[in-house]
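So that you can see what the record holds, here are the features copied from TrEMBL:
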TRANSMEM  C:12-34  transmembrane segment
TRANSMEM  C:46-67  transmembrane segment
TRANSMEM  C:88-110  transmembrane segment
TRANSMEM  C:122-140  transmembrane segment
TRANSMEM  C:152-172  transmembrane segment
TRANSMEM  C:192-211  transmembrane segment
TRANSMEM  C:223-246  transmembrane segment
TRANSMEM  C:276-296  transmembrane segment
TRANSMEM  C:308-326  transmembrane segment
TRANSMEM  C:338-360  transmembrane segment
Amino acid sequence: MKRYLLFVLRIAVAVSLVLNTGCWSSNEIEDLSVYVGLALDVAQESKFEQGIEKQGASYPKHNMLTATVQIVPPVTGKGQKQGGTSSEQATTYINEKLTGDSLIQIFRQFALRRDRPLIGHHLKVIVVSSELAKRYSLEQIFDFVLRDNDIRPSCLVLVSHRNAFESLSTSEPGEIPAIYLAGLVKNRYRSNKIIPPVSLIKLDSRMQSGSSFLLQNVITSENEHKFSGAGIFKGSTKKWIGELNEFDLEGLSWFSFDVIGGAVKTYAHEGYTITYEPKRSNSKIIPKVQGDDISFHIKVSSEGSLMEDWSFPEIPSSEEYMRELEKLFEKQVNKQIQQVLYKMQHVYRVDVGGFNEQLRIKYPKVWNRVKEDWDETFSSIPITYEVDMNITDFGSSND
Amino acid sequence: MWSILMTFIPSWKLIAQAFLLLAVPVLMILMSKVIRKSVVNTFALKPDSPSPPETEIGLANVPITGTYDSDIVTVRNAIGDQADVLIREIVISGTETRVAIVFLEGLTDSDLIDSHLITPLIHRGVPEEDRSSFHDSLSAYLTERLIPASDIKKSSDFQALVEGILFGQTGVLVEGLQEVLLIGTAKGKSRSLEEPMSEALLRGPRTGFTERISDNTGLLRRHGENGSLTLTKFQIGSRVKKILILAYMRDIADPNLVDEVTSRIQRIDIDDPIESGYIEQLIEDNVLSPFQQMQNTERPDRVIAGLLEGRVAILLDGTPFALVLPVTFSMLLQSPEDYYERWLPGSFMRLLRFLAALLALLAPALYISFISFHPGLIPTKLALSIIENRQGVPFPSFIEALIMEISIEILREAGIRLPKPIGPAMGIVGGLIIGDAAVNAGIVSPFLVIVVAVTAISSFTIPVYSAGLTLRILRFTGMFCAATLGLFGVVMFFLLICSHLVRLKSFGVPYVTPIVPYGFSDWKDLFVRVPLKIMKMRPVMFNAKDKDRRN
Amino acid sequence: MSGTSNSQKDQITTSQTAVMVINYMLGAGILTLPRTMVEAAKTPDVWISILISGTIILASGWIIVKLCSRFQGQTLFQFLPEITGRAIAMLISILVISYFLAISAFEIRIMAETGFYLLEGTPSWAIVMTFMWIGLYLILGGVSCLSRLYEIILPITLVFFLIAILLSSRIFDIDHLRPVLGSGITPVLKGIKPSLLSFTGYEIMLVALAYMKNQGKANKAMIAGVTVPVVIYLITVIMVIGGLSINGLEKRTWPTLDLMRSFEVQGLIFERFESLLLVIWIMQIFSTFTVTHYAASLGWSQMFNRNFRPFVFAMLPVIYLIAMVPKDINQVFNLGDMFGNVSVYLFGGVPLILLFVSILRKKGAKPE
């Protein structure tokens, strides 16, 4: 009898152990708010916040930034599914805005407002407004984001010309702006106005290295978005100091990152439009050090096709004509490069073209000497460049 | 200094946890010892009281007197009250010698008795010239001249007579003879050779074992002329005696293995081993393991293939299921077809089966851990659609999965019990309707239905039915682990199974061979099945005497 | 089923010995290795340090094999008294055993610390206890069961690890690794020490060699056992630095995990690999834990010549308490560094002395 009693006791202990331990950290996926986009703005209290503050619902804080999270998918009643599906044109996301001075505190404030807590695993895009980045260093703004275990370092970082939260809203039904923005980056093979995506981890490593860097700029108008240019962040302060426009970016792309798509448009001597589509390009920044003098030489070569030619009457695509056009395109690219170099060296006085990397790799000793004040040194370094364009084909029609 | 040291002294809570850490496994070990002991006690080597009910008839050592009248009375007293015992009394023609033919109705071949026993005795009788010498050598004359039967035994006591009759022999009591003739006329009803139900193949022999052991041994013999096939006979069962045959290749099988199996069989003590499953459970290494340690099969070709690898087979009278042993984990996922088809499709099928086994084991557990613990691991788009699908599902994923898995198991069990024509239809209809209705009612999410269906289908690919059962049980354990500790729990579950598998042995062969230890020669027949021309050697793991497969 | 793990029957093959060494080496260290090395060396050239320290480890492994093969079929704990006499042997044995216990505890603690990536909210004792109980069940099976399990999990972990880390090539940038030797050889030498720490594990040969079926091949097992981790570490460090750059990884607590978090592969069932890697890597941590737990228990049992099983049980709470001593993660890392240092002296220096002493005092058989 005693044996059985002991046996029952053991079973009971085992069962209670299992029951007690059951489902500690389990949280059903539908009981969570998945946010895919995060926008950071200068403090701008929403009507709701102003309203509740009037009723005294507040906690001690300085209004420094406004965080907008984009939550998908919004809770829909199950009943709606039965009714006509075509009639509901509900948006597929919710944007939630809160203001405060600590990102994590703001995030935890959401817990007071939503029954489904936020999880950051699926965060795809973070948009920072240039206004905010002008005031605070990115290191400060992104500190929480980089520490958080949920948010993946693969998340894309963008800067917005105006309010960042605007870039997270759309008037197109069925579209989730954050995912849409993340998808735009993949179009690099179609346009050389898109810089290689800067993920959180890349941002972190650039901030740690102390060099200046670019973030893709997104502008919004009428709830529609476009990538346009890039914001420049100075390495020493990590603050926004200005931006390169689309045309500058094209110039930068020729030597800073390999061009795999896009269009170079210029005008022939007679004034008609000709357009070249680069298929591949090869660029090299060659640092030269003689004594204390550093100089760079940029070598760009590109292969592509002549994709548009408005000449009238049609000029047949002869060898000489091609050479002639190549010269024109080279001139155009030269112009682009010259402009962006001028902006970098004389307007903003920062190196965002990767010159420092090449110097570091080729002349590590020299680099160690100059790296402290590189941006200043860079702005007075002579840079020469040569461009070589090759039209290898002219599409399906050759006249 | 002291205070710094003090901070490193663990708190009471930690010590309590450490105690718990120690106490639980100690308790578990004790518990498993108790269970093991009670299991061993139940099937002790010797029965508690040695009382095989030898004979209530009390015929032991009662000799046959040769006096016809008294002998026939003794027989009648012993078995005359049995409904199926028939006693036919005749007189040998030409003499006045009375003869009683005692046999069982239904177990004996009455044609044979009529034509080969009664006809010669009544019809032909003893010819004129022999009548004088007939009585002098009665026994010899009967067996040598009169009764044209192949299987005639002589016995001089009633015990043997009665037992012989009850086993289907025909007893012939002759007046004036102090012996009895036992003529082998047994003819049990047996079914014809059919394709095995549980192990159907598209390509391969269509015969399966039957319930009659002589048929089964015949099948093995008839497989091909083979001098080294050895069939050793055992009689087991204390009340109901049954024939058990141990089959092996004399010059291939490891003698140590044969000895081990023999000694384990001899230790069996049970009133009646009804099916070979009884034998399996009585001689297996580990009673508590969820994994089978012997392979059961209805296919003679599978048995022969096993024997040729150096394994040993056990056949039991009364069941079509033979046991092949030892078995290792990888064999549970092998099908004879792997060898009959060419090596590429064979290997592909086998890889597919490994994948299916993995799915059948872990798919619901992974579902639970992803949905409830690691929403970050799911691709974003999939996560979004799952969230939308699961909106309004009232249960946590564990309960949800449990509901569906249990209903699938019930359906499957029901499908087996139902008559053949209805079974599959019920399975499909039931599955479809329950799945669809459950989704519509919002009890489960459509995604889970996919997972459960994939799991169920995967588990049907396991070629050994019993192994499928093991996976089904373990699947639920995996789900519990996932529900408690998420993906970590699943990994712990996997490690636990692996730890168990590496400790498990089947007749001295570690269960995980040939996966480990690494050995190229046995890997040729593991995940892929290399061309037969390359598989020149017998598996190393069974320690075959003759290592070369080409001999 | 009997627990006589020291019996003659409990033998392991050469490949199993090699796998045991590999699995012991590949533990929690790989998750932090790129950071510790870069912190010490401040150069992307740390992969050279790995090659150098791999060679050093091979040399000390060779010494251990040389020492052990003088005493066929005996573990360190059994032959020590022969060389040094009882008192010193006791001292060294206790040191070695405490080292094994400490490593075991360290792995447990690291697992508890990374656990929150997987299970936020679950108390760490629950995670740790499940882990240790399963380890206990395995260890009771003896050395052959241990090595069999290691052979099962090694290919699984390696394949998943290699797939995951090679998929990170999409963010790999060779410029992060250049220039080679840009700041000279001195920083590379500085990187050797932290990398030596992650090579602790070859010392299991002191125990494992006694169980080898073919002890003549011990050197082969040693070379294979060291080479595989060298290659794995090399790939890891190169991919992590190439993916994150030394600036990016310096501030990450678990750089190898962060590398996995830094890219997404679309179109596969898994887009994200960090939890997958962590889960798979738990198996490696499990093997390091079990092998050290086993070695420590075996050490006690052979020192006192007692049955092995009670010690396995007794070591459970000890390891747990040691594991929970550090207050925070920095203390854990410091502790890890300390163990690494100890290991260098204990298993680099002591075996050499023992070898000399045993040659001088003509103890043990000369290996053929």
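Note: Cβ is positioned from N, Cα and C throughout, glycine not excepted.
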Residues from the same chain, set at least six apart from the ends of the transmembrane segment (C:276-296), whose C-beta lies under 8 A from its own: 20, 23-24, 26-28, 30-31, 97, 100-101, 103-104, 107-108, 110-111, 114, 117-118, 131-132, 134-136, 138-139, 143, 146, 149-150, 153, 156-157, 160-161, 164, 201, 204, 207, 256-257, 260, 270, 311-312, 315, 319
Criterion met for the transmembrane segment (C:192-211) and the transmembrane segment (C:12-34) (at least three Cβ pairs under 8 Å): yes
Other parts of the chain folded back onto the transmembrane segment (C:152-172), taken as Cβ under 8 Å at six or more residues beyond its ends: 19, 22-23, 26, 232, 235-236, 239, 242-243, 259-260, 262-263, 265, 273, 276-277, 280-281, 283-284, 286-287
Stretch-level contact, the transmembrane segment (C:308-326) and the transmembrane segment (C:122-140), CB cutoff 8 A, at least 3 pairs: yes
Surrounding residues of the transmembrane segment (C:88-110) on its own chain - C-beta under 8 Å, 6+ positions past either end: 27-28, 31, 76-77, 80-81, 128, 131-132, 200, 203, 206, 285, 288-289, 292-293, 295-296, 299-300, 303, 315, 318-320, 322-326, 332, 335-336, 339, 342-343, 346, 350
Outside the transmembrane segment (C:223-246), six or more residues from its ends: residues with CB under 8 Å to it: 15, 17-22, 25-26, 30, 33-34, 37-38, 42-44, 46-47, 50-51, 54, 57-58, 61, 158, 161-162, 165-166, 168-169, 171-174, 176-177, 195, 198-199, 201-202, 205, 252, 255-256, 258-259, 262-263
